[in-house]
Amino acid sequence: MHSPPGLLALWLCAVLCASARAGSDPQPGPGRPACPAPCHCQEDGIMLSADCSELGLSVVPADLDPLTAYLDLSMNNLTELQPGLFHHLRFLEELRLSGNHLSHIPGQAFSGLHSLKILMLQSNQLRGIPAEALWELPSLQSLRLDANLISLVPERSFEGLSSLRHLWLDDNALTEIPVRALNNLPALQAMTLALNHIRHIPDYAFQNLTSLVVLHLHNNRIQHVGTHSFEGLHNLETLDLNYNELQEFPLAIRTLGRLQELGFHNNNIKAIPEKAFMGSPLLQTIHFYDNPIQFVGRSAFQYLSKLHTLSLNGATDIQEFPDLKGTTSLEILTLTRAGIRLLPPGVCQQLPRLRILELSHNQIEELPSLHRCQKLEEIGLRHNRIKEIGADTFSQLGSLQALDLSWNAIRAIHPEAFSTLRSLVKLDLTDNQLTTLPLAGLGGLMHLKLKGNLALSQAFSKDSFPKLRILEVPYAYQCCAYGICASFFKTSGQWQAEDFHPEEEEAPKRPLGLLAGQAENHYDLDLDELQMGTEDSKPHPSVQCSPVPGPFKPCEHLFESWGIRLAVWAIVLLSVLCNGLVLLTVFASGPSPLSPVKLVVGAMAGANALSGISCGLLASVDALTYGQFAEYGARWESGLGCQATGFLAVLGSEASVLLLTLAAVQCSISVTCVRAYGKAPSPGSVRAGALGCLALAGLAAALPLASVGEYGASPLCLPYAPPEGRPAALGFAVALVMMNSLCFLVVAGAYIKLYCDLPRGDFEAVWDCAMVRHVAWLIFADGLLYCPVAFLSFASMLGLFPVTPEAVKSVLLVVLPLPACLNPLLYLLFNPHFRDDLRRLWPSPRSPGPLAYAAAGELEKSSCDSTQALVAFSDVDLILEASEAGQPPGLETYGFPSVTLISRHQPGATRLEGNHFVESDGTKFGNPQPPMKGELLLKAEGATLAGCGSSVGGALWPSGSLFASHL
């Protein structure tokens, strides 16, 4: 055995030789091993650091320098270590073998590493402690065995590691505390047994760990802690029992006299007993949130003079504020998601150093005066039931920087409530019931949130908030004062892109000191927002205001262009005048009964007139607010005028579509019924259907008034809201579009069936060619105009592809109401019924008499191809009697086609020739009386009928008779 002087001489010789080699040529020579080829080496004086990590090595390099002090072999493919592999590395102090595939380490693997202090073996596949290998490491101070598969720690696992200070055994498969193995570590200062499967902590489990300062036991399955479990931990300062299954408060902590930080959150503890922390007067931080706390002893948190952080969240059954008498050093208090209803008046006297008060998600209805809490910097009171803010509630809080009062029921704020808050930089009043906001004391605000206060239409100027950087308001019009409209409307993404500054992004973001403990407090205050208050006051060119104005939230004009403005006015004038004229001629033209189709067309004119009136209201608002719409936009959207406009628009458009569907279906069914049963449906069923259509349209228009859909989503007061609208509003708009699309499909199917039932040459089914053709024109025109509405609505609301808001707005303003003026124009210009009805209203001196109009009215009910009509026998008698009496005045100017009358319901059909009825086989009857019950086919020939345009030659009556040239 060498003597100590001999060893010293040997060591000095080695050092001198190494120094000589280091001072000579740095190129490797025959006397000096080179750095292994795949590794990266760095010299530190005479010592060497070798980094061989992440190289895919399967074996340890053999040519390592004996003076290597640091060796990193982590993240490779090592599967085994040969005995004596590191015996020549006598100066090695840190060895990293983490992230390999080691499942077993032989006994002599670390022999010769007498200077090793740090050994990292985490993230391997070890199933046991390599005890024999560790015995060769007398100087080891830090051992990492976490993230392995270790399930058992034998008693002698750490024998000989008398210098070990840090031990990581977390993320393994341990089911119990290795009590006997830990008794051999008297110098241990920090240990983690987290992320295992431990269920119980026995008594005296750590009795020999008198130097232990930090103990982590979180994320286990611990259900019970013995009364003396922590006996012997005289120097323990941090205890982490979070995320376990504790059922009762661990009274064993009373033996921890030096404990400063305690974590019990996310357990099943239901009660905190009286004097729970009596034995730990040095406690500074307690995290106790997310436990089903039902009881808190009145003295539980009293006289903890060092306590500065208390987090007690999720205790839903706690209704009283805890008594914090003697806890005068408390700086951060978090009591969220509890049932607290009232704050004691003397809370600030007990907590004079309080800086952060977080009481969100409680049931607080009234706030006391907090003027004695002079050091308060943040107050969180969101999701409570506060209704009013008094003058002295926050008075004299000169250090207050952030105040969160969102999601309450605040209706009134005293004008002087914020007047003394000179340091306030963030104020959140989202989703309250404010009508006005007092501005006194808010000049230093940099972030103001007012969203959700729908009754707050107050305009804010730049002078009110000279330092403001972020503003969130209920209406986009309130952003117009901050120059948002300077370069027309922009989307939110564009504004965010313009407000982005690379230098600000690259700047280091350090949390404020007052927020240092918030990661565990669940107090979700935005660090970036509060950082604005401490940054140097450099000028900022613009304010980031939301929601951003756009085509649906204009700043100056409701209608952006004169083209749209003139088009809307034209639609208004044409729809009101033309539909009024149609209504007048249809319903006031005389006592003659209306045909079913004509009744439906008249009802459609009334619906279209409502659409025109709604467009007129929008045009009037545009004219009255010309150039300054932002001042009135919020009040218009939330007012009764917008509701009435939207109601009329939806009622008119939906009634028009439904009535058009009814007209098409009625035409198709009538043809089928005439062919099958010889008669058309009764007019009463058509009237009932029309009333049903109007009732359904009224119901659809009333749904947004009951919060199903939304009229005030935009100043257009239409349910077709922009994509950023509420889901309920978008769903209602999609439902309307789908219903209308279904109606047009039904209409198309009905008319296809009608034409399929009328093959060429079959002329006995259609009784009113003009009205049937008019309905066909309505189907074509309205369907064609509705296609872009449906297409853009689906594309915009469902985000199928980008659609500019300007295009959507133009379609809603011009294309959507266009049928309201086009439908009556088609009737006025192309339907012969209008000219006849107009003559009845204003007869001219040369116009035919009423009898001639009656006959003409019957004759006009003819088909476009054969001009046949169904006429009752009583009507034919009137015509025949008139022919015998003489010609009415002016009748010579009115042309009638020649006709043949054929019985529809007699077995042997007859026809009229001269003054006799002749059977179909040619037999004549003298002065016969036609049957009173039944109908005749009136066949017109030799004339061009209004509305049909077809002519057939050959008159059958003598020309000398009164109607010989006409009937």
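Placement of Cβ uses the backbone N, Cα and C atoms for every residue, glycine included.
Per Swiss-Prot, the feature repeat 'LRR 1' maps to 91-112. Across the repeat 'LRR 1' (91-112), mean pLDDT in this model comes to 94.
For the repeat 'LRR 11' (329-350), the residues of the chain that approach it from at least six positions outside its boundaries are 289, 305-323, 356-373, 380, 517-518, 521-523, judged by C-beta separation under 8 angstroms. Taken from Swiss-Prot, the feature repeat 'LRR 11' covers 329-350.
Per Swiss-Prot, the feature repeat 'LRR 14' maps to 399-420.
Here Swiss-Prot flags 568-588 (among others) as transmembrane segment, drawing on sequence analysis.
The transmembrane segment feature in Swiss-Prot is assigned to 599-619 (among others); the stated evidence is sequence analysis. A Cβ distance under 8 Å defines the sequence-distant neighbours of the transmembrane segment (599-619), meaning residues of its chain 6+ beyond its ends; these are 558-559, 565, 568-569, 571-572, 574-576, 579-580, 582-583, 586-587, 641, 644-646, 648-649, 651-653, 655-656, 659-660, 662-663, 666, 683, 686-687, 690, 693-694, 697, 716-717, 771, 774-775, 778, 813, 817, 819-821, 823-824, 827.
The transmembrane segment annotation in Swiss-Prot covers 645-665 (among others) and rests on sequence analysis.
Taken from Swiss-Prot, the feature transmembrane segment applies to 688-708 (among others). Counting only same-chain residues 6+ beyond the ends of the transmembrane segment (688-708), those with a CB under 8 A from a CB of the stretch are 599-600, 603, 607, 643, 646-648, 650-651, 654-655, 658-659, 661-662, 666, 719, 728-729, 732, 736, 739.
What Swiss-Prot records for 728-748 (among others) is transmembrane segment.
What Swiss-Prot lists as transmembrane segment is 775-795 (among others).
Under the heading transmembrane segment, Swiss-Prot lists 810-830 (among others), citing sequence analysis as support.
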Where, among 645-665, 728-748, 810-830, do we find the most CB pairs under 8 A to the transmembrane segment (568-588)?
-> 810-830
How many of the residues that make up the repeat 'LRR 1' (91-112) does DSSP mark as helix, as strand and as coil?
-> 0 helix, 3 strand, 19 coil
With the cut-off at Cβ under 8 Å and a gap of six or more residues from its ends, the chain residues touching the transmembrane segment (645-665) are 597, 600-601, 603-604, 606-615, 617-618, 686, 689-690, 693-694, 696-698, 700-702, 704-705, 711-712, 717-719, 736, 739-740, 743-744, 746-747, 750-751, 775, 778-779, 782, 786, 816-817, 819-820, 823
